[in-house]
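Peer 1: Can you read through this structure? Questions will come right after.
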Amino acid sequence: MNDRQAALDQALKQIEKQFGKGSIMKLGEHSDQNISTISSGSLALDIALGVGGYPRGRIIEVYGPESSGKTTVALHAIAEVQAQGGTAAFIDAEHALDPAYAKNLGVNIDELLLSQPDTGEQALEIAEALVRSGAVDMLVIDSVAALVPRAEIEGEMGDAHVGLQARLMSQALRKLSGAINKSKTIAIFINQIREKVGVMFGNPEITPGGRALKFYSTVRLEVRRAEQLKQGTDVMGNKTKIKVVKNKVAPPFRIAEVDIMYGEGISREGELVDMAAEVDVINKSGSWYSYKEERIGQGRENAKQYLKEHTDIRDEISKRVREEYEIDGSNKEPLAETEETLSLLDDE
């Protein structure tokens with residue numbers, strides 16, 4: 001047994017000498033046993049994710065039909081990162097980002113790094129450079145479907161380019177995944193939906209870009225509109241369901257229901273009323289909502305309005321709900337450069 005241990009110790013020394021300190025270690029000695037997260041900007045989604053937000057150093061895929069709220073979900077996460085003093089980058093391959101809308105959601109557009117690349121290769125090379133800098137806390141790519149390979153852009157209309165985009169994504173993710181993990185960057189890939197032709201049984205919907213992103217993603221979120229939210233005859237927004245289709249850090253298949261209001265994004269008051277009523281932080285009796293024996297509104301919309309006007313009570317309820325769901329922020333780490341992240345470029 002001693003000979004085996006001596007041989008193992010010798011092998012470990014050789015590995016550390018060749019590849020550097022920390023290249024191999026016992027799992028229990030690893031400093032990051034608890035998953036460090038950054039809030040998604042939505043209380044309901046933080047709860048559905050099971051760990052209180054998006055895990056750092058991981059790849060997230062957000063997909064769904066057109067105008068379902070995918071970019072809104074990503075922009076809320078960017079606003080949350082910036083609010084904590086972090087740096088965020090947005091690679092706008094669709095060339096469709098609305099700065100005014102982003103500002104309404106709380107994004108500091110003066111500090112947001114923005115790139116509008118010409119080709120898929122350029123977009124992914126920029127993404128790699130940002131990740132390897134070790135100074136970017138969140139990177140959003142909108143969208144995978146718009147990452148058009150250079151050969152397709154330079155070719156003629158009607159030319160066949162079978163599997164080019166899938167190969168591009170597969171190669172990029174092989175290079176990016178390790179750097180994303182080391183730099184603790186959250187990489188959010190927004191994706192669209194396509195339909196297979198001639199599928200008789202099962203779900204015909206697929207996401208572009210091949211299978212690689214599905215495998216490399218720690219979390220996959222499906223965003224879909226459930227119903228319209230009306231005030232009289234005017235449509236004010238959509239009730240949206242965000243389903244955690246894949247989750248490697250907590251149980252999957254949980255669903256977050258949020259109100260996405262036009263021009264405002266996710267209604268924090270709406271989801272707070274729902275989540276607080278679920279755990280009896282807010283009491284619902286008939287159509288009346290009350291908090292600590294005090295009525296805060298008749299009907300959900302009035303309760304939302306009350307919380308919007310009384311931010312101190314809203315923050316108090318939010319804190320209590322997070323404690324009930326055990327996502328009180330104890331697994332958060334400060335957003336700061338570390339020796340490990342800053343040495344990423346030197347490793348090249």
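Positions of Cβ are set from backbone N, Cα and C atoms, glycine also.
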Peer 1: For the region 'Disordered' entry in Swiss-Prot, name the matching range from 49-73, 224-248, 324-348.
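Peer 2: Of the candidate stretches, Swiss-Prot labels 324-348 as region 'Disordered'.
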Peer 1: Taking each of the binding-site residues SER67, SER68, THR71 in turn and counting other Cβ atoms within 10 Å of its Cβ, which one has the fewest?
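Peer 2: Ranked by other Cβ atoms within 10 Å, the binding-site residues SER67, SER68, THR71 bottom out at SER67.
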Peer 1: Taking the Cβ of GLY69 (ATP binding site) as the centre, how many other Cβ atoms fall within a 10 Å radius?
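Peer 2: Result for GLY69 (ATP binding site): 24 neighbouring Cβ atoms inside 10 Å.
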Peer 1: Inside 10 Å of the Cβ of GLU66 (ATP binding site), count up the other Cβ atoms and send me the figure.
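Peer 2: Around the Cβ of GLU66 (ATP binding site), 8 other Cβ atoms lie within 10 Å.
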Peer 1: Using the Cβ center of GLY64, PRO65, GLU66, SER67, SER68, GLY69, LYS70, THR71 as the ATP site position, which other residues in that chain lie within 8 Å, going by their Cβ?
Peer 2: VAL223, ARG224, ARG225
Peer 1: So which of the binding-site residues is most packed in, judged by how many other Cβ atoms lie within 10 Å of its Cβ, out of GLY64, PRO65?
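Peer 2: When each Cβ's neighbours within 10 Å are tallied, GLY64 leads.
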